[in-house]
Amino acid sequence: MLGFLKNPIVVTAEINVNLVALTVMGLISRLWGLSYPRAVVFDEVYYGQFVSLYMKRIFFVDDSGPPLGHMLLALGGYLGGFDGNFLWNRIGAEYSMNVPVCSLRLLPALAGALCVPLAYQILVELQFSHCAALGAALLILLENSLITQSRFMLLESILIFFILLAVLSYLKFYNLQRHSSFSGSWWFWLLLTGVACSCAVGVKYMGLFTYMLLLAVAGLHFWHMIGDQSFSNVSLMCHFLARGLALIILPVAMYLSFFYVHLTLLYRSGPHDQIMTSAFQASLEGGLARITQGQPLEVAYGSQITLRNVLGKPMQCWLHSHTNTYPIRYENGRGSSHQQQVTCYPFKDVNNWWIVKDPGMQQLVVSNPPRPVRHGHIVQLVHGITTRYLNTHDVAAPLSPHSQEVSCYIDYNISMPAQNLWRVEIVNRESDTDVWKTILSEVRFVHVNTSAVLKASGFTFICLGASLPEWGYRQLEVVGEKLSKGYHQSMVWNVEEHRYGKSQEQKEREVELHSPTQMDISKNLSFMAKFTELQWKILTLKNEDTEHKYSSSALDWITMDTNIAYWLHPTSGAQIHLLGNVVTWASANIAALVYTCLSLWYLIRRRRQIYDIPEDAWQLWVSAGGICVGGWAVNYLPFFLMEKTLFLYHYLPALTFQILLVPIVLQHLGNHLCRSLLLKSMFSALIVAWFSSVYLVYCTFSPVTYGEPSLSAAELRDLRWKDSWNILIRKQ
């Protein structure tokens, strides 16, 4: 029974010493002195704000991309015990003692370090020699720009890690395809490909470029499988479904999960939620939720409401009126109706309250039971404080002469009768009998007499730096816009605050308008509704791009004609710059050029039935180029189409793929073009000399990569290898 104990239990394991050594060197190069400098470095001033908001559970919107990268940075802060209390207001500010600097920078540094062994494994899976794989890993290890970007609270190293992990996982899956389809390891690498792709997209939308590349490669490989008669129809369908599950459905589900965690963590109201709809704001703890909690859901005749414009940018505003009238004549000589002004006011105010009135009845209170207002109903909107009716007529608006003036009607006993009937149209209705609902319904008010739509046109003018003149208190213009001019979000309104009016007398009603509502109706949004709104804001909300001192064009990146000063010591010459290894960047460009020229040469020769290299070497050459050159192209060329402020670090994912191409080209040249022993020996000697120069340049620029030791003014001048580089030298 215990016979198995007679022999010792033996466990054998294969250890790739190259891989272990590269991982250790990668960790040392990225983690050494990680807490130095103990000051805000470049974009840490940007990402640090979001980390603080995560720590305080305050909602925010970042138009730069999805939330996974921010959450990973926040995870570092959480593990280090960061409480979020730090003022991220300037680059170079010294961190206070409560900021766990090393912990905040740890995850980007680990991601950057792991890119070194990933590069090694990618070339091995591409069927290149371990010597070539070792060269690729060492080039990544000694690339100064990748080191700099990895050592701070920035996202590029995390993005590159997930990109390389996705490529490696797919290559491992594809290589297993030949002999062990649907095995455990086959499923593992296929699913990991989908996970890594979704994480890359979740960190920055730049990850979408590599994801699309891998989908294209997977589609091409499957197309070849269709032509392989050894696969049955059932087998092909299973392969297709497996790829669809792992490469499409899983990434989409994970992408949604990133937002679910993001929205779960950030449940408190903050300054960023003002650009969201009233329904979204009301779902957050504090802020609008405190005001709207328990409001009646259905708008009824007699309801007292505030109307918020749905557009909400560049600022939120509410339909508003006050006792002042439009001037008889404007500055340009045009005349007005001299009626009571109606504007869009960007602050909460008692003059934002309106009463929904039934045109056929005089009462301004809600009946018992309430009579709800439905889509298509005709209403009058009565200003709560002045009791004048919302009105429009064929008079030109003050700032928009081609639109109608909107006012609250004053009877001057002249030939200008009131035109105050409005049809309620629920834009997001499910049926034509839908009830007008607080917060949830988005409505248009169509003027019955003229078919003009109530519109906050002032958004257009505020973007141009204009608003109503002094007589309009610099508030935003509201007009009646003809429907024929097209639909726009500034024509849509929603009820934000709501109560059922109980007081018929004006003085009692004014007291009522100043008092809060206390009724129990819940209006929580579903996750998908919140996700859809937040995703739309991320994609459409763009901060005004301004010229930055260190911004650059995509053409500057290839030859590294630009740099970025990340940090400068307040007293010494110590500084950190985003600068690449010049030899590596030049070699990567030459490798891409050589690959392109050789590929064209081979293609032309093959067309003439001349085969310079064996078929297996050709297939290896093409597949490696598809990954490396394709990866470089998809991560670089789209920047020529982008209208945004660009920086050198945007090029780093493309550069990584280009660096992987260097040893591929070198091995190909050595195997197929250096035919004699003498040529091979000379080629090997050149490679050793070239790699020595890579290491020498790495050491030369290490002081501005790590920020120490401090250099003298003369030494800094010696590092300015290009006139376009902005190396900071203090005046003596």
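Cβ coordinates come from backbone N, Cα and C, glycine included.
Under the heading transmembrane segment, TrEMBL lists 9-32 (among others). For the transmembrane segment (9-32), same-chain residues at least 6 beyond its ends with a Cβ under 8 Å from one of its own Cβ atoms are 106, 109-110, 112-117, 120-121, 130, 133-134, 137-138, 141, 147, 150-151, 706.
What TrEMBL records for 68-88 (among others) is transmembrane segment.
Positions annotated as transmembrane segment by TrEMBL: 100-120 (among others).
The transmembrane segment annotation in TrEMBL covers 154-174 (among others). Remote same-chain residues near the transmembrane segment (154-174) are listed as 42-44, 47, 69, 72-73, 107-109, 111-112, 114-115, 118-119, 121-122, 125-126, 146, 185-186, 189-190, 192-193, 196-197, 199-200, 203-204, 206-207, 210-211, 214, 217-218, 221, 627, 631, 649, 652-653, 656 (criterion: CB distance under 8 Å, separation of at least six residues from the stretch ends).
The transmembrane segment annotation in TrEMBL covers 186-219 (among others).
Look at TrEMBL and you will find 240-261 (among others) tagged as transmembrane segment. Only residues 6 or more beyond the boundaries of the transmembrane segment (240-261), in the same chain, are considered here, and those with a CB under 8 A from a CB of the stretch are 66-68, 71, 182, 187, 190-191, 193-195, 197-199, 201-202, 211, 214-215, 218, 222, 527, 531, 534-535.
Marked as domain 'MIR' by TrEMBL: 296-359 (among others). Regional average pLDDT for the domain 'MIR' (296-359) in the model is 88.
In terms of DSSP helix, strand and coil, the domain 'MIR' (370-427) has 0 helix, 26 strand, 32 coil. Annotated domain 'MIR' per TrEMBL: 370-427 (among others), in sequence order.
Within its own chain, the transmembrane segment (582-604) is flanked in space by residues 139, 142-143, 558-560, 612-613, 618, 621-622, 625, 628-629, 632, 655, 658-659, 661-662, 664-666, 668-669, 690, 693-694, 697, 721, which lie at least six positions past its ends and keep a Cβ under 8 Å from the stretch. The transmembrane segment feature in TrEMBL is assigned to 582-604 (among others).
Under the heading transmembrane segment, TrEMBL lists 616-634 (among others). Same-chain neighbours of the transmembrane segment (616-634): 122, 126-128, 163, 167, 171, 209-210, 212-213, 217, 592, 595-596, 599, 602, 606, 653-658, 660-661, 664, 668, 671-672, counting only residues six or more beyond its ends whose CB sits under 8 Å from a CB of the stretch.
According to TrEMBL, the feature transmembrane segment maps to 646-666 (among others).
For the transmembrane segment (678-698), the list of distant contacts is 135, 138-139, 142-144, 581-584, 587, 666, 669-670: same-chain residues at least six beyond its ends, Cβ to Cβ under 8 Å. Positions annotated as transmembrane segment by TrEMBL: 678-698 (among others).
Taken through DSSP, the domain 'MIR' (296-359) splits into 3 helix, 30 strand, 31 coil.
Just going by CB pairs under 8 A, the stretch in 100-120, 186-219, 646-666 that sits most against the transmembrane segment (68-88) is 100-120. Counting only same-chain residues 6+ beyond the ends of the transmembrane segment (646-666), those with a CB under 8 A from a CB of the stretch are 115, 119, 122-123, 126, 128, 132-133, 135-136, 139-140, 143, 145-146, 149, 154, 156, 159-160, 163-164, 206, 209-210, 548, 550-554, 556-557, 560, 562-564, 578, 580, 584-585, 587-589, 591-592, 594-595, 624-625, 627-633, 635-636, 639, 687.
Within the same chain, residues 64-69, 72, 155-156, 158-159, 162-163, 165-167, 169-170, 172-173, 176-177, 180, 242-243, 246-248, 250-252, 254-255, 258, 626-627, 630-631, 634-635, 638, 650, 653 sit at least 6 positions outside the transmembrane segment (186-219) and bring their C-beta atoms closer than 8 Å to a C-beta of that stretch.
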